[in-house]
Each structure stands twice: as structure tokens, then as C-alpha cells.
Amino acid sequence: MKEILYKYRYSLTTFFLPILILTIIFISMGVFPFGDKTLFTIDLGQQYVDFYAEYKHTWSGHLERLIYSFNKGIGGEMTGIWAYYLMSPLNLIFLITPFRYLDLAVTLLILIRYGLAGWSMGYYLKNMQASSLSRLLVFSTSYALSGYMVNYQFNLMWMDGFILLPLICLGVERILQGKSPLLYTVTLALCLISNYYIAFMVCLFMILYFFYRLTSYITRENWKKQSIQLISRFAGYSILAAGISAFILIPTFVQLMQSKAAASNFSWDFSAKFPLMDLVSKFTIGAFNFDQFPDGLPNIFVSALILIQVLRYFFNSSFKWQEKTASALFILILTLSFNLEVINKIWHGFQNPNWFPYRYSFVFIFLLIYIAYRQSAHQSQLTLQELLHGAGLSVLISIYLMSQDFDYLSSYKILFTLLLIVLYFIVLIFYSNKVLLRSLLLLSLVTLELTGNASLSLNELNYVDRSRFIEAQSILTEMTETIHEHDNPSDSFYRIEKTFQRTKNDSHQVNFKSASHFGSTYEAHSYEGFTGLGFPGGSGYSAYSNGTLLTDALFSIKYYAADNEINVYEHTPYYNTNADQALPMSIIQSKADLVHYDPLFFTDQYTIYRNPYALPLGLKVNDDLMDLDLVNNHPMFYQNQLARSFSPEHNPTELFKPVEADQTYENIEIEDHGRERLAKVNNPEQPAYIRASLTAEEDMSYYYILNGFNTWDNFEIKVNGQPQYQYNTFYHDVVVNLEADKNDRIELEIEVTADDFYLSRSGFYQMAIDDFEGIITQAKNNSIEIENYTDSSLSFQTQITDSQEMVMLTIPYDDSWQITANGEEISAHPVMDSFLGLKLSEGNYTIEMNYRTPYGKISWLISLMSIFILFIINKYPVSGLSKNKK
């Protein structure tokens, strides 16, 4: 055992030291099992943990969800989600983790990634240049606990690229040396498979790194031939790595063209993003807070020792001026990448990121550590010139930082960083001849600095309590199982929605069909369809929080779970009772229409309702809908169009009718600006109100259109004196359901807490229940029952009796559906630019639909061929390649 430990001491220590440091920090934070905290924060708590549950569901008997799932909004392809979030081999840990311990599995994965990052950097540096263990630990741990890793640790899917970067660079070195390309090709392919997005950034860096290192391997006499040969090898093996990962890259690229990438609007903007001097603030210990996430500076914190060694490198005459010039140019390119809008956007795949800026900043950290490691091999004593330059620069920078107003810095952070620099200088000056002692002292200081930075940074964030997460998970599971036991989802297709949510991806967490979703790869036409009908939605998300009776029926929302705290109305089970136990989740809507649904099951916290109007997934509608393009901010127009289309006779009845209300204003002045009507607050020091009232008629549902230019934080709505709940992020007009059962009049009060409030297109609408029920009866007579379905297939029978009829399925349009009618292949058509339609001539049809990953077969063929080529190259290496020496 001792022999094994000694043999692998470098690997073991570089792996376990970062884990030990972070474990101590997590214990101090009270992370489970040492307290009630999880590491769920930001998107890890709002997205990723639900996708990890989906990962487990998929591999537990739902393999068709690898390509498509009805748990994703109203349906959607899954290749993009798997490629971006779930392809890391490390995620296999979720298969052996019970659902109630998902948080523990995430904590373990984060710790393992810290360890792998330390090991990977240590392996690279040791292979680049022999080193003592203590010296190696200084630099490997500096990489593992750098600002990028610590501040973005919750973005687990990005960290595989961070881990693999040193190994890929080592693979480049072996290509330059004329050695086996196996390491480079395999690690680059693994990086592309694990997360194509970060892999794109790694690939850009690899091009720069290759040419940076190329000059060390070619001779002046034969530089042209050597350069061509090495560039060809590098390009060839890069293409081979892409070929190996083609099975996931090609379908993902096709899908990206339908999601956020489809809305990309690249421009050649060379403006500066920030004053360059501000960048030095991020080298200060603890230079981070939550406000850095939306639009902060690059997370480039490394130990101050790294910066000292980089500075010494450029004053060290042992390194050739050509190498130092190349290093300086490399640093300059990456610095300008941060600073110039156009280059920064290129690094991010030609798009500005939505939150979490400078996602490629880890490559800058890698370069600094590599240069510092090169310098550290020279055991020369710190010269007076180096000391004066370093000390003077440190003091000047500290004075500058103290004079600026960086909200993530404080004087004690700046002074503590300066103190560490002084201590580093003392060790480098007075212990230059005591190599082992110097290395141990430097390692101790670096460990102290990195631990302090990680602790300060991680404690800047708020984390989900485990007890709250487990309770929410249990409630959602109970809700889903209760509904599924009552109505087996294998027997009929239906969706479930709620007035509350833990996240918009609850359907992934506990396995039910929903209409909400949040994910970076969400198809644009899916969320645009929802925003056009009056729901909150935007790039990457839609929230089913503003349904009308019509949309609930249209989207097959057969069951609705409602909180017993806010959504309690006359005729509901908990009206005038005190059984309103709060849910450990957010209430996202006030839904007065629940009075028209049938209570099915209730607890002290929530009630499940059955929607008697819910329609099947398939409907026969008028084909005019194919020519109707959904445009935002006219939700009632489109809902009326849908209602008319439910009848083959094209029923002209206007289901939702505008109704006038009496309006009064307090401390408000109305301004008309052409299309925009604005309520301006006269005196910001005084309360400002917009009040509207109308007499509620019997057997009517009432709705209010809320202008999407308004920000939820800037106003409060009350209906009949009660707060109106609403999902708080929307950018287009939304439909608000108003309570009309308790009072003869509806009293709407909007308190404006900002300077103004947009009134354009705002107004009241009423819907007669009798008219609605008549339309639903017509729709059910023309509905289509799905006979068999899985997550990637559908089959049903239908009869078309009118040339103006067409079949509409309330799933997103996607031309990857392979559809046959009576055995003959047909094409789908977009309905209202969003939903899937089938145009058929008159007759009887058996429809079979199967979802196929776009270019799936050719993608797998390319991957298998590439693996075979790599096997042949590795088995029978090409002769005649020169062995280059550094």
C-alpha cells in the first residue's frame, strides 16, 4: 500500500487537496449532511437539478426521452438539453442516487470536479516540466480553486471543459512533438460531447495555444515544412475529434437554429465593455458578489503568487525574448477579448450571454498559471529590480482600488491581498536557498489565500434549504401520483398545471406532462406561441401562469393543482376556512376560474381540480389558422380566432368581448404618445393609484390585459381588496384572471410604485360561460383521441369531411416528425407559427407519427467511422513523422 501511495502521490494529492479545502468550506456553510443547506443556487436550483431528475427518469425506463419529451413544455426535442446539460460522464452518479438525495449527489459532483481540475492541471504541468510535489500543488490548486471555478461552480456542465483543458493542451504538445495524437483527439472529443458550448471556447483557445507553442518546436532553417506538417496534423486530429462527437454535435446544431441561436443578431461592435484598469480589481481576494452575475467583470482571480511569478517571468533573462513576446501577445489577445464587445461575443458563439458573462475566462487563468509555473522552475533569488517593480505596482494598484467604488470590494479585502503579496515577497527573498521550506511556505500561503477567497465568494450567494427542497419535492410527487392513480397517463393524454411552482421545470423533477419550461435550448417557436396567447415567456422559458378557460381546454390541462392560501374562492373546498397551510413554493397566479372546475382531492396545502372542459391533444380546426401568424400583445384576438376555428362552420362568435370600466386616478396624469398611453406619477413622494371598476354579470369570467412594458416590481395589483398574484417576469402583454364571484362589482386597484405605468392595450374582457361551453361542445365533437403514444410517437384515426378542415395537435411544430397517413408519408405544417398541423383531403385516415433526431443516422455513421479511423491511426502510426523537441 505504501508503494502504491508513493507511486501515485502526485495524482492523489493534486486531486484530494482541493476537495479537502472545499469540504471544510462546505462544512462551515452548513451544507448537507453537515447542515440544512444545499448548493442549489441560481440556475442550479431553478434548472439543472430538475434536469438531473429527468436524467434519472430517462435511464429508468423512458429512453425515448433521449430525443423527445412531452414533459418539456407542451413537448419538445431533448437532444439540445442532453447536449448542453447532461452529457458529462460524471452524471452517471445520479443513476445510483435516490431522488431525495439529489442535492447530496450534486455536492459530491462539485467536489469531484474540484479534485479532477486539480489533478488535470497537475498532470499537465508535471508532464511539461518536472517538479517537486509542493511546488506542483501550488499551481494545480491555484487552477482548481480559481475565481472562475468557485464563482461558477453551480454551472456543473461547464466544468468538464475546465477540467479537460489542461489535458487537451498536453495533447497539443504531443502532436507538436510528433507523438501519438490519442490524448488530444480523445480529450477534445470528450469535451465536445460533454458540453459543446464550452468546447467551442476551448477550441478557439486551442488554435491560439497551438500557434503560441508552435514557435518552440520549429527550427529557423526548416520552419515552413515543419509548420505545414504540424498545422496539418493539428487540423486533421481536430476534425477527427469533431467527427467522433458528430452523433451529438450535428443534431444539436440543427436544434440550436430553432432556439436562442435562431434569434442571434451578430454585429461588428468594437466598443469597450469596461475600463481596462477595472480588470485588476478581480485579482483581489473575494472580488465577487451576486451583482456580478448579470453583467460583471471576468472571473479571473488567481493567487497573488501567480501574478508575482508572471511579472518575474517577463523580467527573467533566462527566457528568450521571442517566447516572452509571444506570451505577452497571448495575454493581450485574451485581455482584448474581455474588453472588446465583438471579440467577447465571438467567444460566446456569436451571441451575448444571458447572465454569467465571460464564460471563457478560465482560459486566461490557465495561461497565467502556465507562465507562472515556467518562471517558478528558476530558483533564483528575487532581485532588487523585481522587488521594487512588484512592490511599487502593488501599492499603486491598491491605492487605485481604494479610490474606486467597486461594490464587491472592501478596504479589508484590498489590504489583506496586499498583506499576502508582502508575505510572498518575504518568502521569495529570505528563503530562496531553502527550496523545500520555501515551497511549503508558499503552498501554505496559497492555500490560505484560495480558501479565504472561496469562502468569501461562496458565502455571497443564497442557497436553497434542503428541508424546503425535500418538502416541495414530496408535495409535487404526492400530487402527481394522486392524479396518475386516478387517471392513468398511459390510457389518455393530458397535462397538469399548478398555481404554484418550485421551478418551471417541476414536470421534469417529478415526471408529469406540463406546459411550462425553462432551458437554454428551448425552441423559439414554442415560447413565442405562448407569449402570443398572453403568457409570460421569452428566450429560454415559458410559464403557464395566465391561462384562460379556453387555453386550459386547448392545451389539455385536465388537472389543476391550486394552493389553499391564495386561490380560495366561493365554491372551492377551503372557502371561509382556516386550512391555508403555506406551500414551500412560489405562488405564481391568482386563478378565479377554478370555480368552474371540479374539486378532486385536497390536503391542507393544496387542492387538485379536474377540468371538465379539457380537450384531447388533437383537434379538427379551420385551415385559416395556417395563415395566421402569432404576434405579441394581442392575446384576446388570437384566443378569439382559436375559438372560432373549433367549428368547421367557422363560428363567428367573439368569445372574449371587451367591456368598459369606470376609471379614476390618484396622483396620476395620463399622457398619450401616439400608440402608447402612459400613466405618469405626479408626486413620487405620495402613493399613486389607478382604479377601475365594473359590474360583474352572472356566469361570466373576467380578464384584464396587462401591458408587457410594465415591470412587476414597479406596481401592485389588488382585486376586490385582495393581492393579485402573477409570475413576475414578462415582456409582452399578459392575461390576468379576475375574481368575480364574491362581489357584484369588480374593483381593480393598481398602485404604481415607479415613475410611470403603461396603459396601452390594457383593458377588461368578459367571457360568457354558456358561449364557452357551446364552443367546447363543438370542439369535442371535432376532437381526435390519441390511441397510442410514447414520448416520441403518436397514432390516431380521424375523418376529414370538409375541405377547409385540418388536424391541429397542441404540440410545437417540428419538421423532425415523420408522419404517415394510411401508410403514405406526409408533411406537417405550422399552425399560427407555433403548433403542428396536418392538412388532409376528405377521407378516413390512420395517422402514425414518429419523432426522429435530425440527421441522426448520418451523425452516428460519422462518429463510428471517426472512431475506426482513430483506432487505425493509433494501431498503425504513420511513419516518417519527425520527432520534434521543445
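Here the Cβ of each residue, glycine as well, is placed from N, Cα and C on the backbone.
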* Structure fact -> Among 133-150, 151-168, TrEMBL marks as transmembrane the stretch 133-150
* Which listed stretch (133-150, 234-254, 385-402, 414-433) has the most C-beta pairs under 8 A with the transmembrane segment (296-314)? -> 133-150
* Asked: Any chance the transmembrane segment (385-402) and the transmembrane segment (355-373) are in contact, meaning at least three CB pairs closer than 8 A with a sequence separation of 6+?
  -> no
* To do: Would you mind listing the long-range same-chain contacts of the transmembrane segment (414-433), meaning Cβ under 8 Å and 6+ residues beyond its ends?
  => 283-285, 304-305, 308, 379-382, 387, 390-391, 394-395, 398, 401-402, 441-442, 445, 448-449, 452
* Structure fact -> Between the transmembrane segment (133-150) and the stretches 12-34, 188-214, 326-343, 858-876, the largest tally of CB pairs under 8 Å belongs to 12-34
* Run the contact check on the transmembrane segment (326-343) against the transmembrane segment (92-112): 3 or more C-beta pairs under 8 Å, excluding pairs closer than 6 in sequence. => no
* Asked: Are there 3 or more C-beta pairs under 8 Å linking the transmembrane segment (12-34) with the transmembrane segment (234-254), counting only pairs at least 6 apart in sequence?
  -> no
* **the transmembrane segment (355-373) touching the transmembrane segment (92-112) per 3+ Cβ pairs under 8 Å rule** => no
